[in-house]
Amino acid sequence: MDVGMSDPVLEDHPRTGPIVPVPEAATSATASLKRSAAEAFEEVSDDEASHSHKKMRDDTGVVTRGGELEQGKTVDGPGLADNLEEELQCGCCSAIVYRPVVVAPCQHFFCGSCVTLWVRNGGTSCPACRTVSTNVSFSRPIEKVVDILLRHAPGKARSASERMQADAIYHPGVHLRIPSPRQASPEPAVPSINSLYVRPCPHCTPGNQWGWRCPRPIVDPDLDQANAWPVEDGNPPGHTLCGNCENVLALAAPSTTRCDFCQVSFCGINIPQRCVAAPLQLQHPHGLADLSDLIQCGEIYDCFEGNTFEVDIMLDYLNAQGLTPRHIYREIVAHIQNQPRQFAPLVELELFVDIHPVAGGADPDPNAPRHRICRICATEVLIYGLRDWWIRERKKGFLEEHVMARPDCPEGSQCPRQKDHVHAKEFNHIIAPPDPQPAAAVHIPAPLREPDVNSAADFPPLASAAPSPVASPSAATILQAGQDPPAAADEAPAAPLAPAADLPVIPQDLVGYSSEPSSQDFRDEVDALL
């Protein structure tokens with residue numbers, strides 16, 4: 001190794017310093033490059049040490065740079081509070097979050113009351129990024145950060161009225177779910193050509209997959225336009241339009257069903273579980289699949305006269321009990337079927353008239369039994385009986401004590417002030433009608449039958465109400481005895497009276513019931529014998 005030549009890079013290196021040449025008498029080539037650690041640190045200049053970027057921490061825990069305390073580094077308290085307030089703002093109300101909730105999976109957070117109102121107004125995604133969300137959960141970490149901020153900056157807290165209104169809408173710990181977007185309506189079956197003619201139904205085609213063909217099939221306008229059925233002539237014989245998909249169907253087809261409420265027919269082919277009128281207990285109410293759909297339904301609030309407080313109590317109860325709108329619908333149907341008139345009052349209210357885009361048939365008998373129902377009519381039944389169902393459900397005793405302890409409103413269930421949240425919270429407006437009192441039992445006597453003289457065992461002979469009159473001697477008896485006939489009343493002397501003890505006592509009310517024959521009758525009888 002040639003030690004006489006030096007590397008300029010190594011000589012000018014600022015960290016290690018110049019390399020000191022080693023005499024050639026060194027016993028090892030590697031020994032000439034070794035030096036002790038003390039020699040290396042002694043050669044480091046003070047200027048190089050001052051530019052060192054290493055930080056040291058003293059015994060007090062204060063970070064120093066180059067062995068000295070950093071000067072001029074302080075925390076700006078008001079500035080930090082302002083920055084935290086900006087970071088903790090709700091994306092809906094632009095104020096510091098209150099009862100924060102986190103939307104999954106995007107992790108945006110909002111006030112619990114803001115998200116609840118967002119869902120009620122039809123929101124189906126995250127309010128900030130519009131990402132399809134699965135659920136909403138209460139965030140305790142964010143609430144802790146907000147509490148720490150408000151302890152150091154109380155002026156940034158929400159007002160008492162705002163907090164009270166928010167607490168009435170959302171309660172911490174309540175699980176929320178943003179509903180999924182509604183299913184898009186199916187694309188209408190628009191014919192490519194000949195839109196002026198009715199297209200054949202699925203059962204008009206020979207050898208169709210359903211195994212049944214229309215007795216009078218519709219002519220395909222693409223094949224025989226001269227015999228095709230014009231649209232302006234209405235529905236072809238034996239055909240009509242489906243109440244859901246609005247396609248042509250065959251009335252006599254095995255797959256066709258008709259709703260007994262709106263009298264609209266359904267094809268049962270195009271959209272499963274929608275183009276069908278199912279049995280009453282098996283149908284699904286349209287647009288009310290789960291609790292989130294019930295929250296979005298504005299007609300639910302109309303059932304309670306706009307009393308949002310009572311609706312919130314009912315929704316919390318449904319969530320706690322795990323009840324679905326379909327469960328409520330089934331109980332309402334069972335209750336109506338047990339009534340004397342069943343569904344006749346609903347039909348008389350015309351709840352099922354003009355609820356489909358297609359016209360229904362005429363109801364043959366409003367009092368006829370109902371067996372099948374469509375999805376839209378099922379929703380009408382649910383909305384009609386929801387309030388009465390809630391009245392019956394409250395009697396089961398599953399509600400909190402403070403809810404049932406509220407006094408009834410003096411103005412009753414139709415109180416105009418129940419839309420006021422404070423008034424609705426103080427008084428109960430779900431007032432059950434008094435239970436009908438059982439009618440008093442009317443005693444109906446056993447039917448009376450006239451006595452039958454031929455049935456002495458069942459009907460013994462009745463005792464005589466009046467004693468039999470004393471028989472007077474007949475004329476024949478008098479003649480046989482050789483006695484003179486008695487004179488007339490004005491000629492004959494008065495007959496001697498029998499002793500009072502021998503005469504029968506005749507009641508006062510039987511006076512005149514029987515009497516002695518008159519003298520004229522006696523003379524007539526004597527003349528007849530002579």
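Placed from the backbone N, Cα and C atoms, the Cβ positions cover glycine too.
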*For which of the residue intervals 1-60, 361-420 does TrEMBL record region 'Disordered'?*
1-60
*Using TrEMBL as the reference, determine which range in 331-350, 431-450, 451-470 is annotated region 'Disordered'.*
451-470
_region 'Disordered' per TrEMBL: which of the ranges 123-173, 225-275, 480-530 is that?_
480-530
_Which residues of the chain, 6 or more past the ends of the domain 'RING-type' (90-130), have a CB below 8 A from one of its CBs?_
136-139, 142-143, 146, 149-150, 156-158, 162-163, 165-167, 169-172, 174, 176-182, 292, 295-296
*Determine how many residues of the domain 'RING-type' (90-130) DSSP places in helix, in strand and in coil.*
9 helix, 9 strand, 23 coil
